[in-house]
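Some features that TrEMBL has for this protein:
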- 1-157: domain 'Major facilitator superfamily (MFS) profile' (DOMAIN)
- 6-27: transmembrane segment (TRANSMEM)
- 34-53: transmembrane segment (TRANSMEM)
- 59-79: transmembrane segment (TRANSMEM)
- 100-121: transmembrane segment (TRANSMEM)
- 133-152: transmembrane segment (TRANSMEM)
Amino acid sequence: MVKYPSILLSVSQMAEVGFILTIPFFLKRFGIKTVMLMSMVAWTLRFGFFAYGDPSPTGFILLLLSMIVYGCAFDFFNISGSVFVEQEVDSSIRASAQGLFMTMVNGVGAWVGSILSGMAVDYFSVDGVKDWHTIWLMFAGYALFLAVDSDIHKHEP
């Protein structure tokens, strides 16, 4: 067990603050598609770090890195997505578009993701023992697949 898990959570919160401040720079410099791709790569890294993280000194560093990249993963997708909707949608329907975006990401997406990830965790469990290494690697592989697929099929808005 990690001795002070609350430190990891605090690092994650600080990383979120740091990354949210960089969003305008990255959006201006690279555009929304690249920023969203960065987010997907960050999710891949986060899950990969979880797969190899443990209470050892090296494993703790990986867990710490997973908390840092979480700021990029979360902010670059959720916040940048909201900024994109704000900039691209006509003001007469902007509130509805923001609501739809949040409903799809944090409502429908979270609901479907919870069901599918629960099924994956159950699949990689034997006699109640979860194979977290494999579970996190599977999540990392899925995030990487989505990143590559998104990059191959991206189009400019």
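Cβ coordinates come from backbone N, Cα and C, glycine included.
Long-range contacts of the transmembrane segment (59-79) within its own chain (CB-CB distance under 8 A, at least 6 residues past either end) are made by residues 2, 8-9, 11-12, 14-20, 23, 26, 35-36, 38-40, 42-43, 45-47, 49-50, 52-53, 105-106. Only residues 6 or more beyond the boundaries of the transmembrane segment (6-27), in the same chain, are considered here, and those with a CB under 8 A from a CB of the stretch are 34-35, 38, 63-64, 67-72, 74-76, 79-80, 83. Long-range neighbours of the transmembrane segment (34-53) within the same chain, counting only residues 6 or more positions beyond its ends whose Cβ lies under 8 Å from a Cβ of the stretch, are 23, 26-27, 59-60, 62-63, 65-66, 69-70, 72-77, 80-81, 132-134, 136-137, 139-140, 143-144, 146-147, 150-151, 154. A mean pLDDT of 94 is what the model gives for the domain 'Major facilitator superfamily (MFS) profile' (1-157).
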